[in-house]
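Noted in TrEMBL for the protein shown:
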DOMAIN    188-320  domain 'Glycosyltransferase RgtA/B/C/D-like'
TRANSMEM  6-23  transmembrane segment
TRANSMEM  35-57  transmembrane segment
TRANSMEM  63-81  transmembrane segment
TRANSMEM  102-121  transmembrane segment
TRANSMEM  179-200  transmembrane segment
TRANSMEM  207-227  transmembrane segment
TRANSMEM  233-250  transmembrane segment
TRANSMEM  257-288  transmembrane segment
TRANSMEM  308-327  transmembrane segment
Amino acid sequence: MIDILLLIIFMILAISIGAYFFDFYKLEFSSRMEFLLFSLAIGLGIISYTIFFLAVMGILYSWTIYIFLILLLLFSIPKIYRSTRQFRYKSLKVTHQPFINYLLFFIIGTYIGLTFIDALVPPTEADSLVYHLADPKKFLKYHSLIHTQIPGIDLKTSKIMPFNFEMLYVIPLTFDRDIFAKLIQFGTALCAGLVLYMLSARFFSKLAGLFAVAVFLIQPFVFNYVSTPKVDTAIVLYAILSLYTFLVWYDNQESKWLILCGIFSGLFFACKLSGLFLMIILSVLIFYKLFYEKKFDFKYSGFYLIKYLVPAFIITAPWLLRSWVVIGDPLYPYIIKLTGDHFKTNLIHHKKSVIDFITYPWNLTLDPGQLMRRGSIYKEKNISFVSCHYSRVTFTKNV
């Protein structure tokens, strides 16, 4: 019960801090819920980077976290008070096809209930215990980011990769509340589902939004990771927000939405390096749209592309700089691993028959762990490479 209360307070504080950001960065939101979710996403980023810089300065102590949270609370009270006075509850009306709506509500509610129960038990998942929770605990123990070899700590075990979302876990670990850490992941997943609903409802229909959320939740990969203290739901949240803001900008051409798209893409990149692939895709789409509309005007297209890329890289820069200083590779392990036989993956070993090969993407979705059982590249890289390697193996001779 205490962990649930802490989660609610934490989310309210994050929303309040994000709301201050939008006091300065004026945007016209389509709904109150859209404003709250965007504020939450920005607030989480601000809190995580505050903890990051406390660690960089070598003052990441329990007492500094307490002071930070007290200041955060005092700073948020006026915003919370004004927001509650302005808040108006608006129910989700079910008007068309009630049976379908109720069925989707039942599916969504069932999966949320099951994952919520799972989130209330102590974490046991291997990656969570090895580094998603272990490394923030080391940061707290040594009061800084680990840059040098410390007896008993392997530098490569302490991943030299973006750890922005994991910095949030420093707060639960300060109070020795590992379930609170799991609930942060769970709460982020709920927010990702709500953003997905708003995205679908805005550009399609409310029914499409419910269907999208239901399909999102029932995927085994999502179901398994919603209640584990990792980063997967955070990157889903920021990926959907990046797509959301991109589509809004695509419609209204307001630069502020494009810059916000860059901020969310940067927060994705700061959580996991797979955000780079999203940035590449969105950059191509942005450049192509403007280049085509302005009849091959490179300067105009490039100017708007810079508006997207600059905030994205500014957001990610502290983590890339850390990796570059410590190990000489800002995109570790991607640049270091570009030589040798590192791109020979388990995909080749799974080509037992044509049927096996065709069904491999589906089997991978149901059981992504199969890539990690033979010491494959995916122990150090991430699942975003699957499509690239799948295409590569298609046109590669199995020798």
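Every residue, even glycine, has its Cβ placed from backbone N, Cα and C.
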How about the transmembrane segment (35-57) and the transmembrane segment (233-250): do they have 3 or more C-beta pairs under 8 A, pairs 6 or more apart in sequence?
yes
On the 0 to 100 pLDDT scale, where does the domain 'Glycosyltransferase RgtA/B/C/D-like' (188-320) sit on average?
88
Please work out whether the transmembrane segment (207-227) lies in contact with the transmembrane segment (102-121), by counting C-beta pairs under 8 angstroms that are 6 or more apart in sequence and asking whether there are at least 3.
yes
What parts of the chain pack near the transmembrane segment (6-23), using Cβ distances under 8 Å and only residues at least 6 beyond its ends?
35-36, 38-44, 46-47, 69, 72-73, 75-76, 79-80, 83, 171-172, 175, 177, 180, 183-184, 186-187
Of the listed stretches (63-81, 179-200, 233-250), which one yields the highest count of Cβ-Cβ distances below 8 Å with the transmembrane segment (102-121)?
179-200
Non-local residues, at least 6 beyond the ends, that sit with Cβ under 8 Å of the transmembrane segment (179-200):
3-4, 6-7, 10-11, 31, 33-34, 37, 40-41, 44, 108, 112, 115-116, 119-123, 133, 168-169, 171-173, 208-213, 216-217, 222, 225-230, 232-234, 236-237, 240-241, 243-244, 247
Secondary structure composition of the domain 'Glycosyltransferase RgtA/B/C/D-like' (188-320) [DSSP: H/G/I, E/B, coil]:
115 helix, 0 strand, 18 coil
